[in-house]
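Chemist: According to TrEMBL, the substrate binding site annotation covers B:T155, B:K177, B:T188, B:E268, B:N387, B:S392. For B:T188, the entry in TrEMBL reads active site, nucleophile.
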2 protein chains.
Amino acid sequence: MTALDRTTGVAAAQGFRAAGVAAGIKASGNPDLTLVVNDGPAQAAAGVFTTNKVKAAPVLWSQQVLTTGRLRAVVLNSGGANACTGPEGFQDSHATAEKVADVLGVGAVEVAVCSTGLIGERLPMDAVKSGVDIAAKELAGGPAASLAAATAVMTTDTVPKQVALTRSGFTVGGFAKGAGMCAPNMATMLSVITTDADVDQSTLDKALKDAVARTFNRLDVDGGTSTNDTVLLLASGASGVKPDAAEFAQALESVCADLVAQLQADAEGVTKHVSITVRGAATDAEAVAAARTVARDPLCKTAFFGSDPNWGRIAMAVGNAPTAFDPQALDITINGVAVCRAGGRGDDRSLADLTGREITVEIDLHAGPGTGTVLTTDLSHGYVEENSAYSS
Amino acid sequence: MTALDRTTGVAAAQGFRAAGVAAGIKASGNPDLTLVVNDGPAQAAAGVFTTNKVKAAPVLWSQQVLTTGRLRAVVLNSGGANACTGPEGFQDSHATAEKVADVLGVGAVEVAVCSTGLIGERLPMDAVKSGVDIAAKELAGGPAASLAAATAVMTTDTVPKQVALTRSGFTVGGFAKGAGMCAPNMATMLSVITTDADVDQSTLDKALKDAVARTFNRLDVDGGTSTNDTVLLLASGASGVKPDAAEFAQALESVCADLVAQLQADAEGVTKHVSITVRGAATDAEAVAAARTVARDPLCKTAFFGSDPNWGRIAMAVGNAPTAFDPQALDITINGVAVCRAGGRGDDRSLADLTGREITVEIDLHAGPGTGTVLTTDLSHGYVEENSAYSS
């Protein structure tokens, strides 16, 4: 089987068990605590964390424990971000890891912690600790446990997001939640990915950083990077298969890209899925920067919402990007119609039909070999409604 | 008289005449061409132009003529930006300057040109040229001519914006139009300011750059810098008064700040006027950068629209700014209530009443002496409506 399978996820790979339970952290009584355990034989792990200077307590804790390159377990809660909660908040993350360590008979420094929800509120630690007890009893491998794990991390996500991929005898699978518009002021993106491939820590680390740069970091809904963003990758080695680094990296990137597509599709208030590709930049980094500037521009995003092939706004946004190019060489194509050629009016813009859900913008700067794509959404009434009316 | 007077503007200073007429550039038949003439005896001039790499033809023309440091006249049109119009568009700007030069008996290199309106369309040059003839006949000094000049540059502005200030025997006055949300895809900000003070070109230039940096560049509605943004300052010396550089700079900054307040007040779709002040940054530049990051963050802007004192979103936005600080030292005060202290929860956020039109956010980073303020607006349904429904 080499196809992406969304019926399973974080507990698909051999050596992993997971659970998702209702611990009473959320007032709604919905599932809110997820536990993922790596039974080995290996415990290599890697992580990528938010670049925000205001980091939540669980991020500070998990960055610290990951310096060993090993993890036995990850505990995640929704219903509270544990961000801007001071030294007490850090003690809460530490205590959560200690509780998981006690229950599993491992060390607290082998347990990563992730949180998502409101900023500035302490967690109800009694609920968190009793939730860990419940989750530990429900740990299992396979699709049902994977789905439960993917469900208990949801905030305003409308569907759980998970996928697994098996190829050449090893499996990579995981879940993700959140991303910008899906989740007003709990904009956190969390993802845990597992594999039974036998991969050393430095290979894991490089593969994860590369995959995140090309997938999660290319989805830009509203430009914000939350206080809690975390992606973790755990390897059990249980399949006994040692893929070469390139093959493993490719499988991992496929899984990450599919999770990102699910995140984009579930962004609430969204009516358009927009892909912005920049070609002909001096470097790939400049191409991504230019695409990101367009993806974040509110005038472009409202035009997408209005199904308006307004290339003048795109030209303006690209002109504001930190990217070198000759404005007289700028080409812009929207849904296949070359509306701007050589910096001026091209084909009739009314030929570009943007009434469907998918909008593809292609920009050629004719300044070099660099290319890059950023995925985004439109700026809709739904976005304003959800983010202004949301009570917090 | 030392008070700001909004009943007059660009033709208030001695030595200046102005006119604003309907030239037929706009399909609506509304006024669309403004002419400002400096009768001297001096003709010193300075300008600040858009930093966008995609510059409209009139910007390229005006930057070129301003290398002499002298201007006899400025001609401005609404109804078309003359941006992304190629070499033909540049020829149109040149021809407009030639026409003004012919009518006034001056040189084309003494005439600056500004345009605002849709990007990507050529101007109807017959209408532009006949409009120059009409305007030249109506040139006059004083309040009526000032108002006509301020009116003919309007796009989706709902009111003309002008002001003048007389102190120590010299006058500074001018008009402005546009700015972000006021003007969907004709987001151009144009301003022409005149003075009868006897000020040399290098003093003018420095005073204008400083004033723009502290006023026009501190209003950030939606982060975009248009292809046409231009601020011009012309000095006639007709009062015979030579103020010292500091006194002149102060008067100029007062006029610019008042025009910016009028721009912010007229931003359509806006329900909140937001002032974001950052203190305690390493430098003033870092303070402004941090304030700007908050001003542009859509999660913060939708919270302002919802009258929600959501300090967690502000902490997240500040954490994403290119500004060094210790997150454990972060203080945030909203409308006088210290909702975040030392990076954590402060006073009860429900004490901060944001239901009025004015919202003041004060952020202290405790990392140095740098301070800066950026003015912005909320992100409302009106913004989405105007910018998506606008036919272009």
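Note: Cβ is positioned from N, Cα and C throughout, glycine not excepted.
Note that TrEMBL annotation is computational and uncurated.
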Chemist: For B:N387 (substrate binding site), what is the secondary structure state per DSSP, taken as helix, strand or coil?
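Modeler: DSSP call for B:N387 (substrate binding site): helix.
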Chemist: Could you tell me which of the binding-site residues B:T155, B:K177, B:T188, B:N387 sit with their CB under 8 A from some CB of chain A, listed in sequence order (or 'none')?
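Modeler: The answer, in sequence order, is B:N387.
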Chemist: Of all the binding-site residues given, B:T155, B:T188, B:N387, which has the fewest Cβ neighbours within 10 Å once its own Cβ is left out?
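Modeler: It is B:T155 that, of the binding-site residues B:T155, B:T188, B:N387, has the fewest other Cβ atoms within 10 Å.
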Chemist: Return the count of C-beta atoms lying within 10 angstroms of the C-beta of B:K177 (substrate binding site), excluding that atom itself.
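Modeler: Other Cβ atoms found within 10 Å: 32.
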